[in-house]
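According to TrEMBL, the features are:
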DOMAIN    A:137-431  domain 'NADH:quinone oxidoreductase/Mrp antiporter transmembrane'
TRANSMEM  A:12-29  transmembrane segment
TRANSMEM  A:36-58  transmembrane segment
TRANSMEM  A:78-104  transmembrane segment
TRANSMEM  A:116-135  transmembrane segment
TRANSMEM  A:141-162  transmembrane segment
TRANSMEM  A:215-240  transmembrane segment
TRANSMEM  A:252-276  transmembrane segment
TRANSMEM  A:288-307  transmembrane segment
TRANSMEM  A:345-364  transmembrane segment
TRANSMEM  A:385-406  transmembrane segment
TRANSMEM  A:418-438  transmembrane segment
TRANSMEM  A:458-478  transmembrane segment
Amino acid sequence: MSTLSAALPHLPILQVVVPLISAPICFLLQRAGLAWAFSTLVSWLAFATSVMLLRAVMADGTIHYEIGGWAAPWGIEYVIDAANAIVLVIVSGIGAAVSSYAPRSVLAEIPASQRGLYYTAYLLCLAGLLGVTITGDAFNVFVFLEITSLSSYVLVAAGAGLDRRALTAAYNYLVMGTVGATFFVIGVGLLYMVTGTLNIADLHERVPPLLDNRTVHVAFAFIVVGLGLKLALFPLHTWLPNAYTYAPSTGTAFLAATSTKVSVYVLLRFLFGVFAPTSGLMALTMDYVLLPLAVIGMMAATVAAIYQYNLKRLLAYSSVAQLGYMVLGFAYGSVDGLTAAVLHLFNHALMKGALFLALGCVMLRVGDVTMHGVRGLGRQMPWTMAAFVAGGLSLIGVPLTVGFISKWYLVGAALEDGRWWIAALILASSLLAVIYVWKVVEAAYLREPPAGRTVREAPLSMLVPTWILVLANIWFGVDAELTVSVARTAAMGLLGVAP
Amino acid sequence: MLELILAKYNYWIVIVLMMAGLYVVVARGNLVKKIIGLNVFQTSVFLLYISMGKVAGGTAPILTGKDEVFSNPIPHVLILTAIVVGIATTALGLALVVRIREAYSTIEEDEIDEAESLDMTADLAERRR
Amino acid sequence: MNPSFLLAATLLLPLIGTLFIALTGSRANLREAVTLVTAGLLAVIVYSLLQDVLAGARPAATLVEVVPGLPLALEIEPLGMLFACIASGLWIVNSLYSIGYMRGNHEHKQTRFYMCFAIAIASAMGIAFAGNMFTLFIFYEVLTLSTYPLVAHKETAEARQGARIYLGLLIGTSIGFQMVAIIWTWLAAGTLDFAAGGILRGKVDPAVLPFLLALYMFGIGKAALMPFHRWLPSAMVAPTPVSALLHAVAVVKAGVFTVLKVVVYVFGVDLLAETGASQWLIGVASFTLIAASLVAMTKDNLKARLAYSTISQLSYIVLGAALATSYGVLGGALHIATHALGKITLFMCAGAIYVATHKTEISEMDGLGRRMPFTYGAFLVGALSIIGLPPLAGVWSKWYLAMGAVETGLWAVVAVYMISSLLNVAYLIPVVARGFFKPSAEPVPQSVGAAAAPAAGGLQEAPLLCVLPPCLTAAGCVVLFFYADAVVALLRPLVQ
């Protein structure tokens, strides 16, 4: 007990260091079963840590943690406020759910020799994502971003056992991801050149007075484009559909629910926590570049999703569209818009997590996640398909699911701003989502299974984590008070508005 | 004009390297060459940081007890990290190329595209079956 | 018992019933018994709540606060009470009928059918007792989704197509228009609670009120205003009990009920009357009313004809609301009840004819009336009630609606009501007339499939459970004629 209380003040660093150190240990464990048990334990520990951090932040306000006792401008500082505390919970929560789900799926999809390594890569990815989120130092963001990216290239490539296209998907992801990260680091370097600091809080003080400085403009452009690549902002999303389609089911579920979300968070942090443009070139960029791209992405990707045959690819395009919603939310630049964006960040992670895990169950039993593969599964795998339908309804934004709460706030924020046409487009895109979700529903429930195929329901070890996420979808859709209040606190913190 | 170019020669080098690297990444079909392009591109950023930290007439930041002008060490340290990241990326990229070669028997982008469109046709055939 | 508890029970009971239906799915008799017991218990609860409401009580319950300021809340007011009484009462009759029909036709996946039915009833209760627009919207969507499997029940290409249109139009209009209207209302008024006299007075510029009203009216796709009416004929691919209870009573009435709720408790009748924001709606509703009647005359398929008739009758109610007078609202509310009884009778008769003879087209039904006198008798009573002849219930609602039109001095609307009644005669009476007076086109078949009951004395009625329910509701049309003042007394607080 005393060790626990001694550890409490150090939660911020433990949040990152525990998974980071666990990764090499996991590698040494070698045996897949052990590696799995260990990585799951670590994920749940990380989840517990992040929940404690969120509670602490909501109760007592922002936490500052100086690594190694080096004071902020020289040392690296971890800063946790409502905005990143919620992202930490998403990342570690999805991590815990996915890793609990993993063993059967990994057994089926990944060659024996690579399973231990797969869990190692997963832990590295988790550590990286948590690090990106928690750190208050701009260059540290880059380092963790690259830890995340390198390990996610590995996670994607691990799908090569099933389909060789996973390799080229990973390769393209690597090229695009590295270009994105390098752009980002150029931007950070330019900011350092102008301000002499890498601490995000200090940057927030020194950059806004310099908003007319040419170097700051260039830095802004590099950072936005670099992060745009990482978060798959349309039209920089081309790496995403293949990566999500060919990665192993567990990898896709984890990456889809977390990695782009973290990039969105970093973009949020830089836009509002560093540049905080209120007027001039950068504010115009929000209105005339980010907003239109978000809207076009939202519509184009939704339409693309309708024509997909492979369900993982379908959901991947839907992810691109949903990222459009998030960017849209913060492109308004208002508290309401930002609240909607943060809320959707959380909610979308729950939806996509549940949907991809359900597809993982289908992959395990049927080995085919296409429209053809899910035919007649409504009867053969009732729980799996029910989970998929629930996730799909959430994606559409049907009441009593988290998707509805997101839509409600997104549309509300658009109307509040008087942006009628955006509200109309958001709703149009949710209606198009009905089409692609319903194609799956019809195939699963209203068509007969292919002749001679008999499949059993997925094992409980996979169904339970899937359903935990589904129930979370419903729970936070019925009682959204917690998520809304956290999102609002986060939005106000990012915009520097007093509550 | 010439003075402007010469005075900021480090930036010109950075820009030339950056563009050359990006060009290789985009224009070359050979997967290994793309990785090399990526390397050149990253190197340009290393130079940007390092030259940024240099103070004219400054020495290495070593405590000698005397009052000396020294260069800013932080960008240099940062770039040490970035170099490590770059090496890791290169290693992973090349490893992927090895695996791609095993799977597709080629590392030329157009030939891989061709093989993948064959894969796609195979998927389609399976759908009809 | 505690009224708040009873109120929550109206929602929970059908859901618990759903669970038990699922558990007893393999034993058909037990499963049907669960349905009937649930329906019976629900009717008892609703009836006891009715006593409270008649005594002037307004039971309320808050289930959960979804986001700050937006609770899932239930509260009973007279209009909702009426709708709940109709839905729960007719559910019993319809359950009996479903048993007869589903067994008579050897339909597949009956467990799913009864489960979805119970969920649909639960959401109808949620709509009836919703305490704010947010709650109403949620249950409105649940109703759409829970009835989708019922429409797609047959799982044929045609059923899939019909269900697609059904879902697409209902979800499309509700998310595309209604949700915008609700969010707009929320932003403008700061509340979504239903309040007597409306919540929008002084909150929205009168110049844009008609636009907001349009978002609501077209957003409530279930009210089947043209041009968003196509889902209702599409839904006719469903088994007839679904068409009878859901697409003549629960779903469509949920639509017009929402229209009345919005007009009375969100906008406020007075506000609409003062600003004239609903003037355009009078035109649209009148057009739908006449056009749908004309289309109905061209339909040979009996269920399709009834569907268009429903579209037309729904517009009576919307028109009543659009008039923004107390008589119009009262007549609209009363028409919910009278049309429900009449139309469910007609649908159940159509289903009984189908079970007995497997005929769907009116032109094939010549002479059937003499073989199925009870079915055709009930059909005639239902038809006359919908036309609005005494001594049948339909006369009262038409009376009040016409009074409402007179009150505003819009004689053209009075004319619309009258012309439409004539059109009702033109498309409903021939069905009965052909059944009784035209000679049968074919000799009496010896046996018409396994579904036909044994012919006795020249009679060839459907099974008892298919014939009894329409006779009951037809009798209901007569009874309601004499007790209409009780319903009006219940509704009176609505317009005071």
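Yeah, the Cβs are placed from backbone N, Cα and C, and that goes for glycine too.
The transmembrane segment (A:385-406) makes no contact with the transmembrane segment (A:12-29), as judged by fewer than three Cβ pairs under 8 Å among residues 6 or more apart in sequence.
Taking pairs at least six residues apart, the transmembrane segment (A:252-276) and the transmembrane segment (A:458-478) share fewer than three Cβ pairs below 8 Å and do not count as touching. Comparison of A:116-135, A:288-307, A:345-364 by number of C-beta pairs under 8 angstroms to the transmembrane segment (A:78-104) places A:116-135 first.
Counting Cβ pairs under 8 Å that are 6 or more residues apart, the transmembrane segment (A:458-478) and the transmembrane segment (A:116-135) reach fewer than 3 and are not in contact.
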